[in-house]
Amino acid sequence: MNKNSIYGLTIEQLTEWLGQHGYKPYRASQVWNYLYRERVTAFTEMTDIKADCIELLTENFTIQTLREHVKQEASDGTVKFLFKLNDGNLIETVLMRHKYGLSVCVTTQVGCNIGCSFCASGLLTKTRDLSSGEIVEQIMNVQHHLDAVGEGEKVSHIVVMGIGEPFDNFENMIDFLKIMIDQKGLAIGSRHITVSTSGIVNKMYEFADVNIPVNLALSLHAPNNELRTKIMKINRAFPVEKLMDAINYYIEKTNRRITIEYILLKDVNDHVEEAVELAALFQDKKKKTYISLIPYNPVDEHSQYQRSDQESVLAFYDTLKKNGINCKIRQEHGTDIDAACGQLRSKQIKKDKNQSIKS
Ligand code: SAH
Ligand code: SF4
């Protein structure tokens, strides 16, 4: 039997499951305390829990499904992990250091089917969705790494911006968020969590309705349909005007700000004209939007795209500012390791393949 990860259960789900097996609700709190506060790595370390309950948990769940395959550390403290899943697939997780805390970028799918033309993750089509447990375990593995370093550091922020489209794995992603913000677990502040989507419009509405108070980011990358369709084929299904309707709904429903992500691609979408067009698009939502300008991480297989030069980046930024738009140029992390989303994974897969051909 392929056992599920214990980390995939919300406290309500675990309480219900234990209840069905005759255990009182406080048992679930106890188990969670061991998982998220004591941070044990084996059921047998849950010493206050009765042997029959430990046996039941061991029979039905695993406590470790991810194995560390590669770990790269950059000079700025960024750590990139490649984890091997039970079925042998590789996923990527990144720990970043900021002035305000430690953030972790998590993966939600093995590969991605959206296939944006600039992205390394889209090079390998989706094999499968990650379970909620596999997403939670990425955070726990990073936290265990920090615990082992022994300086008492804690993951304080999460960005759902690794490999995959989180809104294409909606239910598991929502359970993951519930587990992360639960006061009985890691209790990560919901305002410290950001989920990024390429713009699956129907799910944007659903996300607004679910109303878990985490931040939403939308990968727009172009201010009009012609340009956006060229770089993101998903724009054919969900064009800019549909995205704007969904943004309006999200703002109205949640009263929260939404982040608009915009990768600057040299001579493609980085002209002042596009900045003017972008500013016009958000003119009536200045207070509720925030534009994050992202320096492009070049990907070998997408050599048609280069990073914008500094002059164009600043001109773009200034144009937005002059038009009263909230914006920032995103700080980069781990530039001396394979920093682009999905890049380490695709390189490692090639390397592993070559090795197996040789041996
Ligand atoms: N699938 C989701 C979340 C994962 S990608 C999405 O597309 O939003 C997270 C962010 O990284 C997106 O804004 C994406 O456009 C950006 N990204 C992808 N490849 C990149 C690259 N090579 N350089 C810089 N940003 C990249
Ligand atoms: Fe998928 Fe996001 Fe990469 Fe597009 S940018 S291919 S949606 S991971």
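Using N, Cα and C of the backbone, Cβ positions are placed for all residues, glycine too.
Positions annotated as active site, proton acceptor by TrEMBL: E92.
Annotation comment: TrEMBL describes 98-330 as domain 'Radical SAM core'.
The [4Fe-4S] cluster binding site feature in TrEMBL is assigned to C112, C116, C119. In this structure, C116 ([4Fe-4S] cluster binding site) belongs to neither helix nor strand by DSSP; it is coil. The Cβ of C116 ([4Fe-4S] cluster binding site) lies under 8 Å from the Cβ of G122, S198, S219, I231, M232, K233, I234, each on the same chain and at least six residues away in sequence.
Annotated S-adenosyl-L-methionine binding site per TrEMBL: G164, E165, S196, S219, L220, H221, N297, in sequence order. Long-range neighbours of E165 (S-adenosyl-L-methionine binding site) (same chain, six or more residues apart, CB within less than 8 Å of its CB): T108, Q109, C112, N113, I114, T197, S198, I200.
Residues or ranges marked as active site, S-methylcysteine intermediate in TrEMBL: C341.
Calculated from their C-alpha atoms, the gap between S196 (S-adenosyl-L-methionine binding site) and C119 ([4Fe-4S] cluster binding site) amounts to 14 Å. DSSP assigns E92 (active site, proton acceptor) to a strand. Among the recorded positions E92, C119, N297, the residues whose Cβ sits under 6 Å from any atom of ligand 2 are C119. Taking C119, G164, L220, H221, N297 as the binding-site residues under consideration, the smallest Cα distance to E92 (active site, proton acceptor) is found for G164.
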